[in-house]
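Down below is the structure, laid out as structure tokens.
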Amino acid sequence: MLEINEFNAIRISLASPEDILSWSHGEVTKPETINYRTLRPERDGLFCEKIFGPTRDWECYCGKYKRVRYKGIVCDKCGVEVTRSKVRRDRMGHIKLASPVSHIWFVKGTPSRLGLLLDISPRNLERVLYFASYIITDVDDLALGNVREQMKTDFGVRRKDLEEKIIEQRGEKATRLSKDLAAMDNAMEGTLERTHEQFARQRQEIEDEANALREHLEELIGIDALADEDIVYRGTVLLEENEPVRERSLEQLEQLIDQEREKLEQRREYEIENVRLLADGERDQRQSVADAEQERLTTALIKQLEDLNKEEKDKLDRLDDIQLHRIISENEYRILRDLAPYTFKADMGAGAVRDIVSMVDLDELSNQMQAEVQSSSGQRRKKATKRLRVVEAFRKSGNRPEWMIMTVLPVIPPDLRPMVQLDGGRFATSDLNDLYRRVINRNNRLKRLMELNAPEIIVRNEKRMLQEAVDALIDNGRRGRPVSGKGKHRLKSLSDMLKGKQGRFRQNLLGKRVDYSGRSVIVVGPTLQLHQCGLPKKMALELFKPFVMRRLVDKGFAHNIKSAKRFVERVRPEVWDVLEEVIKDYLVLLNRAPSLHRLSIQAFEAKLIEGSAIQLHPLVCAAFNADFDGDQMAVHVPLSRKAQEEARRRMISTYNLLSPATGDPIITPSQDIVLGCFYLTQVRPGAKGGGKRFGSIDEALLAYTNGVVHIQAPVWIVIEDYILPGSDLREKELPSLDGVTPRVLIETSVGRIIFNNALRYQGEPKAGENGYRSPLHYRNFLVGKSGLKALIADCYRFHSQRENIIADVYQELIERFGPETSEESLLRFYASERTARLADRIKALGFKHATLGGMTFSASDVEVPDTKDAIVQETYKKVQDIEKMQRRGLITDDERYREVVTAWLDATNQIKVEVQRSLNPFGPVSMMSTSGARGNVEQIRQMAGMRGLTTDPTGRIIELPITANFREGLSVIEYFISTHGGRKGLADTALRTADAGYLTRRLVDVAQDVIVTIEDCGTTEGMWIRVSRDILASVEDRIVGRVTVAPVTNPVTGEVIFDTDSEILEDDGKHIANVLKSLDKEAQAEFGIYVRSVLTCNADYGICRKCYGRNLATGKMVEIGEAVGIIAAQSIGEPGTQLTLRTFHTGGVATDTDITQGLPRVQEIFEARIPKGKAVLAQIAGRVQIVREEEGIRRLRIVSEEVYTDEQMLPKDYRVVVKNGDAVEIGNLLAESNVDGDGRAPLVAGLAGNVYVDDDRLVIQAKDIEEHEEVIAHAARLRVKDGDLVQVGQQMTEGSSDPQEMLQLRGREAVQEYLTNEAQKVYRSQGVGINDKHIEVIVRQMLRRVRIEEPGDTELLPGELVELHELNRINASIVSQGGDPALAVPVLLGITKASLSTDSFLSAASFQETTRVLTEAAVNGKIDYLRGLKENVVIGKLIPAGTGMEQRRKLAEEAALRVAQITSTPADREVPAATPAPAVMSEPKPAPPRSFDEALNAVTNIDSGNGPKDDLFAQAMARLQAEEGRKPTLSELLGTDEDEENV
């Protein structure tokens, strides 16, 4: 087993398969858990005894070996080792995966580490891992080149063939066309010939017919005959029947024949033309068809060539796609496989990715990325930087990238994922078992399928399912739908076991349930002393049972523990006496949840009481924030002697009187006690016995006892004591009787005498004795709550000063606490005890006189003032007038609303004044309110005056007031309105309490490693504290408890008030306040005190004492080891919750402020968010111009004007060549010599600008004007006027500044001051006082990192966040080697971001985003040096804080020195001096350790076996081993047990 005190750092990294196998005790091959009949684990299953160890101590599975004597034997029958069953909590198993599986954290994380390393997008990577896409894992470049060349050749051949084919086709077409055209010509010729022949025949017919008719006519002419019938020629009648034939008829005939011939000729020509036209048309058609065919062939050729070229290009492009790590779809894979077989390998799933990752050369990749970071810009540079960060993480950590892919899956021990039997016989099991079962089932099925050579698609699907099963086991729900169990509840994976409030970190490591604890309701214990609590007997008996049993055996009441247990269980009378004895030695711790600050757990001496409730001292209620309305508290018993000692010295209530947040007393009396003391110190004129005179205090008390004088009657008494300033009655000094003790005749009351007597303690020196003056001298004034608080504070402060303690008393303290206890601790113990006794006396006095005074009140004591109705009626009239004005249009509705609200607020205030005036000052109501015991004027106003205005749920004031009060009773509408505010209070309480708790948690996380580690960091820087109107606290309050950096002098007299390195005490603060009063306003504003601050502390880890100053809880300088970060976080967070709850108590009645604004503002400040209502800041320094444009747009323009001048003297005999006011450029001629041959150079302009001639000088003036313009919102209220001069970063509009913008404009110091002041504004406005230093601690943590801009010669990366001190260390080392340092800019981180970016991965992982933090830490191989508190609590070590830290440091250094001395002595003591020493001793002596850390490392690593062989501790061990034949123990090297006990 690893001993937790033997290491001081812890490293996290990726586990290799070999590591996982080395952890494992066997392979889990079956999904079975336990046998349903025998209820014993199944062999090789998830609970296998052979792998994980026996379920019963010292017994193997089969029962062959039983008892401890067989320890270590492995049973030959069942294979189970005989050992303790608790090994089942740490023995691991493993599952050998049939196929590699990716770890989901490194795939789905942001950013994806695997994706960045391979330069694959997370989406594509996921597709590969889940078998949706292929990734090319190997490429044969030679084969691919051959395929490419072959492809080009093939396409060349195809192209040539295609071209030849087209040429051939075109030739064929041309030949066919020429043949067709020749045939057409021949056909046309034939047609023409036939036409000619036809027309020749027709002509012949005409001629023949004409000749025949001519002859016939000639015959008829010859005989003068008449036509025997109509003579017709071709349809035309030449002669009708019986008409004589003459010559004219022949002429007519000839004419007709000519006409016929002409017609025939025309027809012939027409026919020939037609034939020709038809032939030409057909020819043209054939030609165009042929041309179109040729065109089509040409187009087809071009298209085919284009297609061929495209196909070639596509195929070549596809070949180009065959690149290593290319993601391709299944379809693309098939195409490429067909295209270029045997040239590449592609695969899918985690196995493919593992092959690729294992081949990555990290060194080469790192060089590439660094070159890209330096050469690129913008997004490319950003991406390269991200990749470089991951690559460098793997290089430096020694992790191998392929370990992100698992081949072996570890199985966690079975007792961490138990299976338990329930009452009904059913079993409840951890969800992890179901998740493991799914993995094993799928893994076994995959193995079987692979053995059977199943089809690829089935195997692939099974691999994907295995991947999903492992994903669900590691982080269920990170990808896809979460795996659900029975009842649809999401199964809890390993990641779920770690993260969140119920996770391992927060549930089991940072907070554990403890034994020896109990819980009960609390009741008040008015008779208890401050250090006591009442513990019920039954509870105490149970808590201290083992101790009582032991004591019973010791005393002989029982013979053994068993009988003693029976004795206790029967509750015999002797048990109570023994319990009383036992309990005397023990303190118990009381805790009230929620534990908001360290005073929520305090130690008390237990006082046995009857009953079942714990009794609590009334004065510690404020620290616990407890009341007695049913609150419960837990009791814990510190067991060890050291725990008891710590409880007695550190945690007992007596030593926790002051609040760590403010330094004010936290055990202030309240309620009944305040009322009793107030009643006691009140003087009532006219009371019985008023005006009587007494010679001494005893006389007056006697008179009171005999009823002669009322306790509040004003009487004259002679007292021998100092009277403190502030007396409210008359007094007269009398001569001292002994010349030392003062005597005064004062007007006072018997009550005040009783009160002042209670303040004195037995053995206190007399007033004036040896100059003794204490703040507990006679108080002759009214004492209320604030008076009692001041009294306790004064008492503590007075008794914590060494000069105020009598020598004998101081000597007693030394004897009691031991001479090793520091003076500061002694003073703290003494002051605390004295103050605690005083508080107890005041408590008793207050309770007694509150009871004797009989203070109570009834409804009749609450008197309604007579003027109330008149005020209300007058306000109603005012409101009517306002509404009339609005109806007339004189005012807007918003103005009407504001006026009405103002009128009612005024009325409420008037009535409040009247209520106060009508109250009887000696009445119980007035006394309770005035004294601060209970209630305030506002509540009395609601009871006796009027409730006033209330708010609605949005926070807006309802303008209808509640004019009634509780004495009179509310009407229905008034009651309804008042419920609005009341409900808002309750809702706020519920919502904001969670917010305040979460804020506290974040604050604790960010500041948990701020511990006081050194005395002085040696810084010369600090912060100025000046008078400021913005800061509500006074300079006096802000400087007390701080240490000066520089001397402080009085500006008037010049005297040095403080030297450097002086602690400023309360009296010094008052002195400064007096100095400030003596100065005028200007001098006050200039006067400042330069003090140390945690903001400027130079300590490498934690902070130094001087920068922190006073520990407010003790009133002394902080001790080394104090966890001031936690105190700061608690101090800020605790009042946040208080403020949250406070809205509820005012009943929702309208007040000016509400924490609803306050708490979100605090979160805004500490998270460094852009605030709501962001103010405009001046980006440059200059003069403001307010530009108002049309449409109401306002612009703020800042004009920065710089004037540069260049002045040149004009020598004699020089002529100016420029005019006055001319614009000139650099190098322009201004003047030259007018003497011929003069060798003097001309004057030229050295500056571009306007030139001015001034007698014997030439002046050039240049203006550099810079402008910046902002558009201002309509609603924004300006803080600047036109023409104002503003500085960079100055706020120009009302609102809150953006701290990030302020950091850029004004730098680190301005932001520190702004954040501190803004946080304080919120708290102080709510009446909560927190010391500045607590806020400064948080702000320091927010600003402790810087962002690298230029890495120089360092190994840092651009954009990396590093701690400022770490950067300074790295730069100093680089500069000393002659390199260039890194350049960085300050960064302001919100508390959440700052917590997560801490150096400790344990702290960050236990805060938020557990899986992301652990992923990053594992990849980087981060080392956690366990410097903070959380990380040490997580691993169970002592935290590096507390009073023992310094002693442990010294002890370690002494041990290192002792070992160094051992190693420096000769190896063989008997060797004479003359004999040369062995070779080993001739080496130089080891140097003693230089630092505490080095010494501690040495001490804690003595037996680890990890250090080098010549290490000084290794030598020491070797020497002791050689001398004594054994290894030295740790205590021998560290010192004796007694030394350790003294620590």
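Cβ coordinates come from backbone N, Cα and C, glycine included.
Per Swiss-Prot, these features apply:
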type    : residues                           : note
BINDING : Cys60, Cys62, Cys75, Cys78         : Zn(2+) 1 binding site
BINDING : Asp627, Asp629, Asp631             : Mg(2+) binding site
BINDING : Cys1017, Cys1097, Cys1104, Cys1107 : Zn(2+) 2 binding site
REGION  : 1466-1490                          : region 'Disordered'
REGION  : 1522-1543                          : region 'Disordered'
For each of the binding-site residues (Cys75, Cys78), count the other CB atoms lying within 10 A of its CB, then report the residue with the highest count.
Cys75
Suppose we draw a 10 Å sphere around the Cβ of Cys62 (Zn(2+) 1 binding site). How many other Cβ atoms does it contain, all chains included?
13
Would you say which of the binding-site residues Cys60, Cys1017, Cys1097, Cys1107 has the most Cβ atoms within 10 Å of its own Cβ?
Cys1107
Say we define neighbours as other CB atoms within 10 Å of the CB. Which of the binding-site residues Asp627, Asp629, Asp631 has the fewest?
Asp629
Would you count the other CB atoms within 10 A of the CB of Cys1104 (Zn(2+) 2 binding site), including those on all shown protein chains?
22
Nearest to Cys1017 (Zn(2+) 2 binding site) by Cα distance: which of the binding-site residues Cys62, Cys75, Asp631 is it?
Asp631
Which chain neighbours of the Mg(2+) site, leaving out Asp627, Asp629, Asp631, have a Cβ atom within 8 Å of the mean position of the site's Cβ atoms?
Ile522, Ala626, Phe628, Gly630
Pairwise Cα distance for Cys78 (Zn(2+) 1 binding site)/Asp631 (Mg(2+) binding site) [Å, integer]:
57
Give me the Cα-Cα distance between Asp629 (Mg(2+) binding site) and Cys1107 (Zn(2+) 2 binding site), rounded to a whole Å.
43
Residues near the Zn(2+) 1 site, Cys60, Cys62, Cys75, Cys78 excluded, by Cβ within 8 Å of the Cβ center?
Glu49, Tyr61, Gly63, Lys64, Tyr65, Lys77, Gly79, Val80
Nearest by CA distance to Cys60 (Zn(2+) 1 binding site): which of the binding-site residues is it, out of Asp627, Asp631, Cys1097, Cys1104, Cys1107?
Asp631
Output field, Zn(2+) 2 shell: CB within 8 Å of site CB centroid, site Cys1017, Cys1097, Cys1104, Cys1107 dropped:
Ile1014, Asp1016, Thr1019, Arg1092, Val1094, Thr1096, Asn1098, Ala1099, Ile1103, Arg1105, Lys1106, Tyr1108
Cys75 (Zn(2+) 1 binding site) to Cys1107 (Zn(2+) 2 binding site) - Cα separation in whole Å:
65
Could you tell me the C-alpha distance between Cys62 (Zn(2+) 1 binding site) and Cys1107 (Zn(2+) 2 binding site) in angstrom, no decimals?
68
Quick one: what's DSSP say for Cys1097 (Zn(2+) 2 binding site), helix, strand or coil?
coil
Under a three-state reduction of DSSP output, how is Cys1104 (Zn(2+) 2 binding site) classified: helix, strand, or coil?
strand
